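Q: There's a structure below that I have some questions on.
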């Protein structure tokens, strides 16, 4: 359960004067989905290229399922599946041919590749378009084809670069379920995204990458525990009418409670304070219909870290 | 090297090519051109005995020319084009090796180029109806055509791996091919003309009578027209000038694809010792360059007339050395070296990336 499927230690990579990845140390557990969170240009794609055995780090070391992708790229490629952020598809090939061809490049024999293609087309929901050329696929459909391509050789480690971009809500839910299932089978999944709400739903762990550096666990913990906003809605009145009774129940100044659309935004320093707050509201007899964190934990942590970095 | 993966790469390239309409349009234009050339050749060589050999060689030459003109565009953007389309990295991350990618693409480009040779086959058959086409000529000329197609394909694939931009790699492929096909001729001409030797021409004429315009005869002879023995001879005069020494630079033509084709193909001669086809004609021209120029010439009107015989094609080819295997060797070495460079530039995990490119 706790064996790391992906390990990176002190990884650095620059392109000329651009230090894309300055110092990355991370571990991704087997059987878990790890999110790689960072703003645009923080080095996520460069890091994934190094993990995927395509790019050599200037310094530091990488292990994929225990294999060094620099010393033994073929060995690492056999156990890893990589889905790039760029949608590269062979325009004139059908979705099925694309998967079969990729399978053949992974040394599957013809029958096995064909069987695997049929299986994966159904998993990613492209059966109806299996024999249409890739050029007619939409962005989201190409994205799903890319995922199927990455899964063709049944890899133990999955590196997914922005897999959900361009997906419709249903496909996004399907992707989430698929990733959970793959993780439950014991695979290591590293998934990058800057759409945090999307990651929030699927990841077990998160690694924050800011300006080419991974953020230490202590800083993440500190950022995560810093106070945040909670969203409150009462069942029987609108936000303006609710502000005063809520302020009274909490013993706060009503002018310090911002209103956002139908909701009141309440700031609590810790989760314990928030729990005490809702207990007080309920004791005061207020009909609480909704009480939830205004930002996801990832988003909250990320925004806090980014603010600190600036 | 895994043959299944190699062929998967080659097949992938070929399938994509086969599914583009423009490719078939190109083959159609090519067939039309060849039909025109074949027809015109029949008119041009209609008075030639065994005209089939001449027409056959012309069609082979036109095929080689068109392959040289078209092939760089078919292969010269293979690798960097894939990188631009973001289809290279997903292949590199599989078990396929860089060598297999390069060789698979090379194989596909070669087969693509050979499609032109296949289109030319019916016209070659028609040409042979004219008669005089020898089996040895057909075998060797087609073998060289196949090899040259492969060499140009290899150069194109290599350039597409060395240079990051498709436009430049196609242009660079054209430049390399042009350096072989045209540059070698220009170099041969310019360098050969710059290296000169002093040549002398010694001559004397008979003395002519100013009034009658008749040659003056030695004492005792009345009329000495056409009788050098009896003529009064003038002083020897000597002219000197510089002659270009193409015999020092003939090897520069050795790596020219057209010369290789001519030089390798066994030549048939007619009764006068002249070559019957275009291969032989070019071979005669190129081999003649190996002969050093005559540096001391004499012309004596007072000596009995010796007929000066220029050697015919059969004699020149007989006494000079073939160079096609050297030229072919140079081309193969060049293509192999470029492919190796492309391999080093395309290898993953990549140490360095060409400026301005992304790996994916």
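First residue shown is number 1, and so on along the chain.
Just so you know, glycine gets a Cβ as well, placed from its N, Cα and C.
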Q: I'm validating the feature mapping. Which of B:84-106, B:107-129 is tagged transmembrane segment in TrEMBL?
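A: Feature transmembrane segment in TrEMBL: residues B:107-129.
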Q: Could you pull out which residues elsewhere in the chain have a CB under 8 Å from any CB of the transmembrane segment (B:171-195), counting only those six or more residues past its ends?
A: 68, 71-72, 75-76, 152, 155-156, 159-160, 162-163, 244-246, 248-250, 252-253, 255-259, 289, 331, 334, 338
Q: Cβ under 8 Å, sequence separation of at least 6 from the ends of the transmembrane segment (B:51-70): give me the contacting residues as numbers and ranges.
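A: Those are 26, 30, 33-34, 37-38, 41-42, 45, 113, 116-117, 120, 123-124, 127-134, 137-138, 141-142, 145, 148-149, 152, 177, 181, 257-258, 261, 265, 268, 276-280, in sequence order.
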